[in-house]
Amino acid sequence: MSGEVECRVCHAKVQVPMAAAAVSKAYDIHRSSVSSRQRALNVLLVSGDCVLAGLQPILVYMCKVDGKFKFSPVSVNFLTEITKIIFAIIMLCIQARRLKVGEKPFLTVSTFMQAARNNVLLAVPALFYAINNYMKFVMQLYFNPATVKMLGNLKVLVIAVLLKVIMRRRFSTIQWEALALLLIGISVNQLKSLPEGSSTLGLPVAAGAYLYTLFFVTVPALASVYNEKALKSQFDTSIYLQNLFLYGYGAIFNFLGLVITAIIQGPSSFNILEGHSKATMFLICNNAAQGILSSFFFKYADTILKKYSSTIATIFTGVASAVLFGHTLTINFVLAISIVIISMHQYLSNQIKDEVPSSKIEMGDAHEHRSKESVVVNVSDSIATEAKHRHGTDERQPLLPV
């Protein structure tokens, strides 16, 4: 990917290489002018995510019968993607009707195909999300809902590292310490939280649980970072059109999961409606709403804010699971919540003051190259100006001594 710099004297265009991971200029402008409306949107996003993310493990737990699922978890994920696709299509139709005179329609075949090519990167997070959504059900076989949410908070640390490597995001020293404190808080909650004397897949429960935890933390972290990267790199594209591509890829991957399940377990397992109840219908709607809300986080806010809002949802999940299912809130859980809240306060209150938009950081090499070009242009301007304002008999004399 490259850009051009035009000389103001000779109008020659010079190719300037840009960082491959650069965020779009449209998002750069958007982020540099954050208004009170944007802050209100962040509060609304966090509040909605706290409720939806807090309900998710509760609903999954309610769907279990005798400690097992009567339905295929992949079928829930597939129906969730279909629900989100329907929502995206409805919003696109509404948005298309509100186009002003002179605005380019985005539902034409040529525009749609061009947008599909530009947003092909969304297939990467869609694949990771398909794997992660299945892992959410598997994790419920090892931990209670409150513990699942605490384990999910480990994603913040992994996401921070991925953001620094992939999107060149900058963090202050205190922010890194806050993330380390978050890891300590989660570890406190895990002390003596695993059941003893049981096993699964032929492995001791601790080994199996920690193996799933590794995937449960890494896969969604990769999905979130690549989702933010894909959405912001095409910031001018309608978010509902981007969601349509993302959910379309997700539906394809989950359908492949259903086919693989049918091959392994037999054709009878291909019935996507088998074993579902009212609880699973609520779960599908909740997962769809949570996925739609997440896309607004990734495009208009950032991944770290999304994960910290999920951390706040831990309190809601812990209290709700204690009230509904009689799970005990141990002293470890209370201490862990306290540490996590302190960590979140430290992280949000110690951001880099002179932080510039990530796109400017990622295009630092291009700006440096442009500064060198501007020096040449300024020298050319000064010489041209001097030549223009020469008067008298010597106006045809050379600018430089012979």
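Note that Cβ sites are derived from N, Cα and C of the backbone, with glycine treated the same way.
Among the features that Swiss-Prot reports, topological domain 'Cytoplasmic' is placed at 1-42 (among others), with the record citing a curator's inference.
The topological domain 'Lumenal' feature in Swiss-Prot is assigned to 64-73 (among others). For the topological domain 'Lumenal' (64-73), the DSSP counts in helix, strand and coil order read 1 helix, 4 strand, 5 coil.
The topological domain 'Cytoplasmic' annotation in Swiss-Prot covers 95-118 (among others), and the record cites a curator's inference as its basis. Tertiary neighbourhood of the topological domain 'Cytoplasmic' (95-118): same-chain residues 234, 237-238, 240-242, 245, selected by CB-CB distance under 8 Å and a gap of 6+ residues from either end.
Per Swiss-Prot, topological domain 'Lumenal' is recorded for 140-146 (among others), and the stated evidence type is a curator's inference.
Summarising the annotation, Swiss-Prot assigns topological domain 'Lumenal' to 192-202 (among others).
Tertiary proximity for the topological domain 'Cytoplasmic' (224-243) is limited to same-chain residues at least six positions away from its ends with a CB under 8 Å from its CB atoms, namely 21-24, 26-27, 30, 84, 88, 91-92, 95, 106, 112, 115, 118-119, 121-122, 124-125, 128-129, 155, 159, 162-163, 166-167, 292, 294-296, 298-299, 302-303, 306-307. Annotation comment: Swiss-Prot describes 224-243 (among others) as topological domain 'Cytoplasmic', evidence class a curator's inference.
Confidence for the topological domain 'Lumenal' (265-280), expressed as mean pLDDT, is 81. Among the features that Swiss-Prot reports, topological domain 'Lumenal' is placed at 265-280 (among others).
Swiss-Prot lists 302-321 (among others) with the feature topological domain 'Cytoplasmic', giving a curator's inference as the kind of evidence.
Sequence annotations record features per position, and here Swiss-Prot assigns topological domain 'Lumenal' to 343-402 (among others).
The transmembrane segment annotation in Swiss-Prot covers 43-63 (among others).
Per Swiss-Prot, transmembrane segment is recorded for 74-94 (among others).
Residues or ranges marked as transmembrane segment by Swiss-Prot on the basis of sequence analysis: 119-139 (among others).
According to Swiss-Prot, the feature transmembrane segment maps to 147-167 (among others).
According to Swiss-Prot, the feature transmembrane segment maps to 171-191 (among others). Sequence-distant contacts of the transmembrane segment (171-191) (same chain, at least 6 residues past either end, Cβ-Cβ under 8 Å): 147, 150-151, 153-154, 156-157, 160, 164, 311, 332-333, 335-340, 342-344, 346-347, 350-352.
As annotated by Swiss-Prot, transmembrane segment applies to 203-223 (among others).
Among the features that Swiss-Prot reports, transmembrane segment is placed at 244-264 (among others).
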Under 8 Å for C-beta pairs, could you tell me which stretch among 119-139, 281-301, 322-342 has the largest tally with the transmembrane segment (43-63)?
281-301
Do you know the DSSP helix, strand and coil residue counts for the topological domain 'Lumenal' (265-280)?
8 helix, 0 strand, 8 coil
Can you break down the topological domain 'Cytoplasmic' (302-321) into helix, strand and coil residue counts using DSSP?
19 helix, 0 strand, 1 coil
With DSSP helix as H/G/I and strand as E/B, how many residues of the topological domain 'Cytoplasmic' (95-118) fall in helix, strand and coil?
13 helix, 0 strand, 11 coil
Based on Cβ pairs under 8 Å, which of the stretches 74-94, 119-139, 322-342 lies most in contact with the transmembrane segment (281-301)?
74-94
